[in-house]
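Taken from TrEMBL as is:
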TRANSMEM  12-30  transmembrane segment
TRANSMEM  84-104  transmembrane segment
TRANSMEM  124-146  transmembrane segment
TRANSMEM  158-179  transmembrane segment
TRANSMEM  207-226  transmembrane segment
TRANSMEM  233-253  transmembrane segment
TRANSMEM  273-292  transmembrane segment
Amino acid sequence: MNVVISKKETIISYTIAILFILAMVTAGVLLNDPEVILPEIAAMAIALWVYREPGWLRQPEKIFIAPSITAVIGFAVNQMDISYIGKVSLTLILMMLFLRVIQSNLAPSIATGLLPLVTNATEWSFVISVFILTFILMIDVLIFKLNSGIERKVKIQYKYMVVFLFLNFVWISLCWITGYEQLAVIPPILVVVYESLQKPMYSEKMAFKQILVLTTSATVGTLLYFTIDSWIVVTLLNMILMLLLLRIVGVRIPAAYAFPLLPLVFPDEMIKMLPVGSLIAGVFLFGAVLLYKKWEMKQKGMQM
């Protein structure tokens, strides 16, 4: 279960998390280097400091280790002279193998591993930024003992890694066949898909809310990006609007805070496609997760 914190502590946590996100974007603006802006860090800050997600807090050292190593994997694969689809497929496989080896289920690691492929990261500033920001997140968790009372080890269903890879390969193949290869990877969606597979229960209502929230966050982020010149102002507005959106819909989806930052780092040709692409990817992938979970429940029922 998620940790319950007081209203005052919640407000303070939101304030600190949003200031941290703004500091990251400000650094990117001042350095004139978008590669230091990591959308998934926004999701991690909210999930760790505000939501106190047990699955993300369980092993604090992996808050730093897992995303950092997957970032190195993605960055290294991106330097290879192979097709984009080949890079995505190889990175997905290597990341799942790595997470299996270190016995981790930390979903944000998927986003940090895939981001350098989407943005075509070529500067080490990307990797350094991942190292620094995830280290800060980890240290904060340890200093304030945000993981206190959370069981360190739980049984991980590694079969879902295989299912996750299968769903991705089907989606990637469809994108390749239709000529929309750039839509093969939308990191925040894949993070939520991976987490949804781990859930013991998954319903049509949850799938609908996930699609609604993620598509809306992508749309809001894209519209503000094209409307306002200041990335810092855009980021602040996005964070406030995402807070309101999630309160209205009544769900906790950390990835909603990552989505609006994607236009700041995505290639120009992808930004305009982001809202529609997110909707299509969401309907397909979350629909596939729903079908799989229903089949899984049916199989369990037959075995009882």
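Cβ atoms are placed via backbone N, Cα and C, with glycine included.
Bear in mind that the values here come from a model prediction, so they are computed numbers and not experimental data.
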Review point. Have the transmembrane segment (84-104) and the transmembrane segment (273-292) got at least three CB pairs under 8 Å, pairs 6 or more apart in sequence?
Key: no
Exercise for review: Would you confirm whether the transmembrane segment (233-253) and the transmembrane segment (12-30) meet the contact rule of 3 or more C-beta pairs below 8 angstroms, pairs 6 or more apart in sequence?
Suggested key: yes
Check your understanding: Restricting to the same chain and to residues at least six past its boundaries, which positions have a Cβ under 8 Å from a Cβ of the transmembrane segment (273-292)?
Key -> 163, 167, 170-171, 174, 180, 182-183, 186, 189-190, 192-193, 196-197, 202-204, 207, 210-211, 214-215, 218-219, 221-222, 259, 262-263, 266
